[in-house]
Amino acid sequence: MSDPGGTGGLRAEAAALDAADALRAKRAEFVLDDDTVYLDGNSLGALPRAVPARLADVVGREWGRLRVRSWSESGWWTAPERVGDRIGRLVGAAPGQTVVGDSTSVNVFKAVVAAVRMGWGTGGRARDEILVDAATFPTDGYIAASAARLTGCRIRTVPVGDLAAAAGPRTAVAVVNHVDYRTGRLHDLPALTAAVHATGARIVWDLCHSAGALTVGLDAHGVDLAVGCTYKYLNGGPGAPAFLYVRRDLQPRFDSPLPGWNSHADPFGMAPDHTPAGGAPRGRVGTPDILSLLALEAALDVWEDVDLAAVRAKSLALTDFFLRCAEAYVPAGRATSVTPAAHAERGSQVALKVARAETAARMAAELVRRGVVGDHRPPDLLRFGFTPLYTTFGEVERAARVLGDVLA
Ligand SMILES: Cc1ncc(COP(=O)(O)O)c(C=O)c1O
Ligand SMILES: Nc1c(O)cccc1C(=O)C[C@H](N)C(=O)O
């Protein structure tokens, strides 16, 4: 490929874009090193600077000195709902509908089984089909298949483009990834939610690759249930607990398949029978993972003054710029983007398909060796995630230049 802007032109453009970046001050709130271009925040977000001191306080004072008193005095018991509401703001959910805990996989299980059970109304069990996004991250498909076995449903795997047409009177629930983890394709959440609802079915959205990267609008679009992880764009840390959203009017009908004591209306009553709590706590299971949960809470402080619209605008500018730089630097025929060019169809990552699939893993490793950390998804994708809170345009230009050298 040619070099239309020239290296110098693209570098100057990057500098101008960085100077005009409304979010540029945010980078200083993260632990990053200028030698490495970190483009893997769609796998594990970087560490917010405020987290270590907060965790030291949780361990040293709240656990070390207050011990069991911290469940009430340090707000440990109510942390799943409190942190849930903070995530809710970032995904367009009003307070009282989002709870944090467990992994995404476990929350997919709760959401899918509960959605199927919602379809077991007076009309019997006519809705016995679970639709699954054919390109889903594997865990959702595995869990949905198990949920189907447990509830007497059958699984239909459908490309997201065909999902609206595939949903019908037998559909209990559709499980869809908002952003495809491989290609970075953003699916049309409002249209698909409306299409599935028109058939009387429910929809569960997996927001792992969209929470913290773009505006989601769960309430505005009438989404039934949603799940997502917090260790990618929300920077909650390795193994940070996931979240579960249950729309307020559906909460009384949310019959959890994992009704642990934390979801009881009166957990400390220790009653032999389960009476579900009202509201978001109904999605809880057992004792929350307090250290991870409170690390996540501290990580969320970086979002306090952030406008999601600015995040989305920068995300698109970063991915646009990366695509242009890659076009200029990568020799013709060595790699092609599988990420949609249209903004409405793009999440916050770019995936390049390398011409020689067998070299992809080696190329990703070589990029890391040269200070550009993205990742490889088999068989032939190089994946680059762009975190608007800390990725700079200068880094984008550098990453594309190194990529060009590696692929040359
Ligand atoms: C779309 C999607 N869903 C789920 C997961 C993972 O789920 P869990 O948090 O259970 O590991 C990932 C990534 O790990 C993902 O990309
Ligand atoms: N969750 C991960 C993990 O525990 C280890 C390594 C990677 C991950 C990931 O998040 C992978 C990621 N969901 C993906 O999109 O490929």
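Glycine residues also receive a Cβ, built from the backbone N, Cα and C atoms like all the rest.
Remember, it's a predicted structure, so these values are computed and weren't measured experimentally.
Taken straight from TrEMBL:
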BINDING   Thr104, Ser105, Phe137, Pro138, Thr139, Asp140, Asp206, His209, Tyr231, Trp261, Thr287  pyridoxal 5'-phosphate binding site
MOD_RES   Lys232  N6-(pyridoxal phosphate)lysine
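Neighbour counts of Cβ atoms within 10 Å were compared for the binding-site residues Thr104, Thr287, and the top value is held by Thr104. The Cβ neighbour count for Thr139 (pyridoxal 5'-phosphate binding site), using a 10 Å radius and every protein chain shown, is 16.
In this structure the alpha carbons, written CA, of Asp206 (pyridoxal 5'-phosphate binding site) and the residue listed as 'N6-(pyridoxal phosphate)lysine' are 13 Å apart. Less than 6 Å separates the Cβ from ligand 1 in the case of Thr104, drawn from the recorded positions Thr104, Tyr231, Lys232 in sequence order. In this structure, Asp206 (pyridoxal 5'-phosphate binding site) is part of a beta strand by DSSP. The C-beta environment of Phe137 (pyridoxal 5'-phosphate binding site), restricted to residues of the same chain at least 6 apart in sequence and closer than 8 Å, consists of Asn177, Tyr181, Asp206, Cys208. The Cβ of Tyr231 (pyridoxal 5'-phosphate binding site) lies under 8 Å from the Cβ of Leu44, Gly45, Gly237, Pro238, Gly239, Ala240, each of which sits 6+ residues away along the same chain. Across the structure, Lys232 (N6-(pyridoxal phosphate)lysine) and Thr104 (pyridoxal 5'-phosphate binding site) are spaced 12 Å apart at their Cα atoms.
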